[in-house]
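Following: one structure in structure tokens, then a few remarks.
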Amino acid sequence: MLTFLWKFIVFYVFYTSGFLSNYVTFEDEANIPAIAKYFNTKGRYEEVNPYLREDILAVNRSILQPPLDECQQIHLTAIIRHGTRYPTTKNIKEMQQLYNMILHNASGEQSWLHELQTQWRMWYTEDMDGRLVQKGVDELKHLAVRLSKLFPSLISEEKLRGGFIKFITSSKHRCVNSTLSFKAGLTELWHIKDMEFDHAVNDALMRFFDKCTRFLEEVDNNPSAVTEVEKFKQGPEMRRVQQKIADILNVPYSSITYDVAEAAFYLCAYEFAIRSVKSPWCELFDEDDAKVIEYASDLREFWKRGYGHDINSKASCILFHDVFSRMDKTATQNKLGQQVTEAVTVQVGHADTLLPLLTLLGFFKDSEPLTSTNYAAQAHRSFRTTHMLPYAANLVLVLSDCGGGDLRLQPLLNEKPVTFPGLTNRSSMPLYRDVLEHYSDLLKGCDFETECQLFKQPAEV
């Protein structure tokens, strides 16, 4: 209990300090690991939007040009992944085992290996367990400021003070603290000190994957659901990476399992994401190695959260309906000339919250599924979590009134325009009624309780 209180006090000091730092400004390319563009869900937001390295508050408002001058934004929903976090306890244990191997078993003349053995220290401790780091605090503060610059008529001091901006979060500490950070970004921007703003914890929406019995039984707790992942881990591409690491360290091939190789890759990724350091751990990999490990991670996400199994995306039905019911309510209020009661909804969750919803909506679907045997053929795949789900990843949906009863909906992913897959009109801002028609089957069906119920086995005769 005392440990938890200490951590909360430390976070509270960061949160209330009023410090809105520019974490990366005019970053030297030489300090960025060459493999940073393959860090999958452990990647920085700046690798998805490199212009932020020069100005962390930069926005490009030209992407929002509506098709008609008279369009007025009336509602925004933002579904956001938490910011950069510490590794989980499981990852930290694996990192510690690797570090012990480096200290006691590895040998070689490389300067970076000498640095790992004599200067680098294992500073990650198990009680860190996925908690938000200061970089994650800043990411959500900065994102709040950028979105307020992109959508000043919606994310405004007046709307916040008036109670028209709502906040919903997963119960996980990294999500709650990310929500606090997003709010702090706004209150610091507008120097608000006389009011506080509530948030609602709602795991039914933001951690639906924990509540979906069929998903838990058929996929999450079912090893046979990820056989393609395990086959790839044992396959020739991954074996080559593991043997190469063993050769570099002069240790037996049996010492470098997939988990050990992944731990080294994660150490490179976390040192860069958390501390902006190009760590000597990165020297274990070249870009070809990184692509293999990235694919192994993408395979896992594909089969556990993406297109691999239908229930993966159907588990997000509850969030899907929540988003569209809110926009329908906004559309009705707008049509009747009433005040829109919820101009902005900010919902903070996990990569595991966003990916099933993106899958349900049809984003990033390749013509062929990801398997253990088509690594080379998938070199240019759409389904790449490095691009989709960095820390602080976000899906933003903006509803606008364009006059004459025409509402239009613009989707943005990580502050970039995207188009709804399969929509006949490929506009980045289609008519809202066309979007509703496109997803009509899901809107009529896609019932969470029905989809997540385990099918009863027929009675034995």
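Note that Cβ sites are derived from N, Cα and C of the backbone, with glycine treated the same way.
Automatic, uncurated: that is what TrEMBL annotation is.
Between Cys71 and the candidates Cys317, Cys402, Cys446, TrEMBL records the disulphide pairing with Cys402. Looking up Cys268 in TrEMBL gives a disulphide bond whose other cysteine, out of Cys282, Cys317, is Cys282. Long-range neighbours of Cys268 (disulfide bond) (same chain, six or more residues apart, CB within less than 8 Å of its CB): Pro33, Ile35, Ser279, Trp281, Cys282, Leu284, Phe285. Around Cys71 (disulfide bond), a 10 Å sphere centred on its CB holds 20 further CB atoms from the protein chains shown.
For Cys282 (disulfide bond), other Cβ atoms within 10 Å of its Cβ number 23.
Of all the Cβ atoms in the protein chains shown, 18 others lie within 10 Å of the Cβ of Cys402 (disulfide bond).
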